[in-house]
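This report refers to the structure that appears directly beneath it.
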Amino acid sequence: MNALAATNRNCKLAARLLGLDSKIEKSLLIPFREIKVECTIPKDDGTLASFIGFRVQHDNARGPMKGGIRYHPEVDPDEVNALAQLMTWKTAVANIPYGGAKGGIGCDPGKLSISELERLTRVFTQKIHDLIGVHTDVPAPDMGTNPQTMAWILDEYSKFHGYSPAVVTGKPTDLGGSLGRDAATGRGVLFATEALLNEYGKSIAGQRFVVQGFGNVGSWAAELISENGGKVVAVSDITGAIKNEKGIDIPGLLKHVKQNHGVKGFHGGDPIDPNSILVEDCDILIPAALGGVINRENANDIKAKFIIEAANHPTDPEADEILSKKGVIILPDIYANSGGVTVSYFEWVQNIQGFMWDEEKVNEVLKQYMTRGFKDVKEMCKTHNCDLRMGAFTLGVNRVVRATLLRGWEA
């Protein structure tokens, strides 16, 4: 089942648990607006190249729409729709005043020079500047984009609308980016894991973790978990996978990854088949890479007692059923990885106030949001007698529906 079908299914199930009218249920799935633009730029060699840029704005009942911009050669409209919708539920679960959006450009950023990427980003911004904005739609980095991309968008947008640092988040700190933003999703994963384990009278210390994906989210999560006494026994990324039953030296691995652009070849662990990473023996599995990695083929072999979804949509619905029969507890993506968008919200707030916070405050307030978010999800689980995924979806959908009805949009 693809990401869009799975997200629609979860939304419909949540709507039924909440006893919503079928008309409202239908309207929840339809995006507010889909934008598609042609972006033509001169390349460095003087030839012209055209790319398709797009933005799906899913819902703005609770506030400006929010979501990443990705640069990737295969941009699947269904996946973008699903991710835009997921952002609507995620921001509602986190209880921050946003709706959901997602977008990007169909290009291979690795094959474009820095100046070509800059020209492409500026042309894209020129095409959509009237459709994004501080109180309309606030983009952020995603796959293939970074703080520099956000700086170009900010500069180009400001040419039309005056200096507007709050139009994007995930910016460089020199242009109003927030301290703590880089680690935010990984730190949120730590706080979410702590909240879940707390329910079972456990703590991070002494638990054995497997982390699939060692990019921004996976590496920060692994570093913070090991600082808190957790034992990371296996790690993988696109270059390979390693395992060490006694626990991997994460600071050493981070140094190795920085120098060698991947975990492959790290001497503090034995190389293993990257495909077996998800079924390694551990207490807690953290998928922090791509969607759909846990499916009916491997779900039966998973040995973890807890799965923390640091990636978007890593578990497909068939695997969900298999795992729940096995008694595996899954902390869903729309709660577990919401640390990033929560600190993006803090960045937006700081920009609007023109008053920046220190890193300690960012992390402290993030912990409050993640801890409260878990309590809210658990309340919904009790009310509707459902698992954590449905608890999170009913919480998100309910908040969006309440805002929609209060604004008089139900007709």
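Note that Cβ sites are derived from N, Cα and C of the backbone, with glycine treated the same way.
Keep in mind that TrEMBL annotations are predicted by a computer and have not been checked by a curator.
Features reported for this protein in TrEMBL:
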type     : residues             : note
BINDING  : LYS66, LYS90, SER344 : substrate binding site
ACT_SITE : LYS102               : active site, proton donor
SITE     : ASP142               : site 'Important for catalysis'
BINDING  : THR185, ASN216       : NAD(+) binding site
Quick one: largest C-alpha distance among LYS66, LYS90, SER344, binding substrate per the record, in angstrom?
13
Which of the recorded positions ASP142, THR185, ASN216 has its Cα nearest to the Cα of SER344 (substrate binding site)?
THR185
Nearest to the residue listed as 'active site, proton donor' in three-dimensional space, by Cα, is which of the recorded positions LYS90, ASP142, THR185, ASN216?
ASP142
Near-site residues: substrate, ref LYS66, LYS90, SER344, CB cutoff 8 A to centroid:
GLY67, MET87, THR91, ALA94, ILE96, TYR98, GLY100, ALA140, SER338, GLY340, VAL341, THR342, TYR345
Other Cβ atoms within 10 Å is the metric here; tell me which of the binding-site residues THR185, ASN216, SER344 scores highest.
SER344
Among the recorded positions LYS66, LYS90, LYS102, ASP142, which residue has the fewest other Cβ atoms within 10 Å of its own Cβ?
ASP142
Return only the integer: C-alpha distance in Å from LYS66 (substrate binding site) to THR185 (NAD(+) binding site).
15
Roughly how many Å separate the Cα of ASP142 (site 'Important for catalysis') from that of LYS90 (substrate binding site), to the nearest whole number?
16
To the nearest whole angstrom, state the Cα distance for the pair LYS90 (substrate binding site) and THR185 (NAD(+) binding site).
13
